[in-house]
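A.B. asks: I grabbed these lines from TrEMBL:
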BINDING   Gly16, Ser17, Gly18, Lys19, Gly20, Thr21, Arg151, Pro197  ATP binding site
BINDING   Arg42, Thr64, Ile65, Val66, Gly110, Phe111, Pro112, Arg113, Arg158, Arg169  ribonucleoside 5'-phosphate binding site
BINDING   Asn117  CMP binding site
REGION    36-66  region 'NMPbind'
Amino acid sequence: MAALKPKVVFVLGPPGSGKGTQCSNIVKEFGYVHLSAGDLLREEMSAEGSEYGQLISNHIKNGTIVPVEITCSLLDKAMVKHCSQVNGTVAGDALNSGKPKFEGNFLIDGFPRNENNLEGWKKAMIGKVEERFMLFFDCPQEISLERCLKRGQAGSGRSDDNEESLKKRLVTYYNDTLPIIKYYDSLGLVRRINASPSADEVYSEVRKLFLN
Ligand code: UDP
Ligand code: MG
């Protein structure tokens, strides 16, 4: 069977809005593959011999955005890997375990975050993937700040779950990421979710978007 053409749902919202939590729910129920741009960057940062380790680490601590060539190539590689495995372990595991089958659907969490990300993504990916919609987890700054600080205190181990980095992440979010969400909204592609309630309540809204 030919490799599947990736179908993409972007997932955006402020830090601590629940993107990661809700993505893992969607994975369990609908067989999507979750690609967190932040997680891929943290992985690359820690990979032995990576030429980008220091650069990524500085951006993460400062809440600024890594150049798109790096992030987009990590996303591209991950999608290719999953799609080419469709006749191998990924689909096979699903068949044997009762897990929902992987059909080339990806959640791209935390990307595109600024103009540079969007331009670079378009340049590299147009025609290679199908963009479905953008899932937008909307919640006020106080809630997102409080959740991230809690996550830091609970030992997230992240270098950026402290008050100083968080303030910078929020500035980046409001200045650079919200305009990208607005751009997708102008194309009619944004599905907005109120991310303030509990994770279970939020998921009961989220899942409705994936039911058909
Ligand atoms: N990051 C980036 N480009 C991306 C995604 C993440 O440069 O496409 C960096 C950025 O510095 C960001 C950090 O990684 O502040 C953490 O991102 P993540 O999505 O993990 O944080 P979240 O929003 O989930 O709290
Ligand atoms: Mg995250």
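Keep in mind that glycine also has a Cβ here, set from the backbone N, Cα and C atoms.
Worth saying up front: this structure is predicted, and the values here are computed from it rather than measured.
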A.B. asks: List, in sequence order, those binding-site residues among Arg42, Ile65, Gly110, Pro112, Asn117, Arg158 whose Cα sits within 10 Å of the Cα of Ser17 (ATP binding site).
C.D. replies: none
A.B. asks: Looking only at the region 'NMPbind' (36-66), how are its residues distributed among DSSP helix, strand and coil?
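C.D. replies: Split by secondary structure, the region 'NMPbind' (36-66) comes out as 20 helix, 1 strand, 10 coil.
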A.B. asks: Return the members of Ser17, Lys19, Gly20, Pro112, Asn117, Arg158 (the binding-site residues) with CB less than 6 angstroms from at least one atom of ligand 2, or none.
C.D. replies: Lys19, Gly20
A.B. asks: For Gly20 (ATP binding site) and Pro112 (ribonucleoside 5'-phosphate binding site), determine the Cα separation and express it in whole Å.
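C.D. replies: Computed Cα spacing between Gly20 (ATP binding site) and Pro112 (ribonucleoside 5'-phosphate binding site) is 15 Å.
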A.B. asks: For a Cβ distance below 6 Å to any atom of ligand 1, name the binding-site residues from Thr21, Ile65, Gly110, Arg158 that qualify, or say none.
C.D. replies: Ile65, Gly110
A.B. asks: Per residue, counting other C-beta atoms within 10 angstroms of the C-beta, which of the binding-site residues Gly18, Gly20, Pro112, Pro197 reaches the highest number?
C.D. replies: Pro112
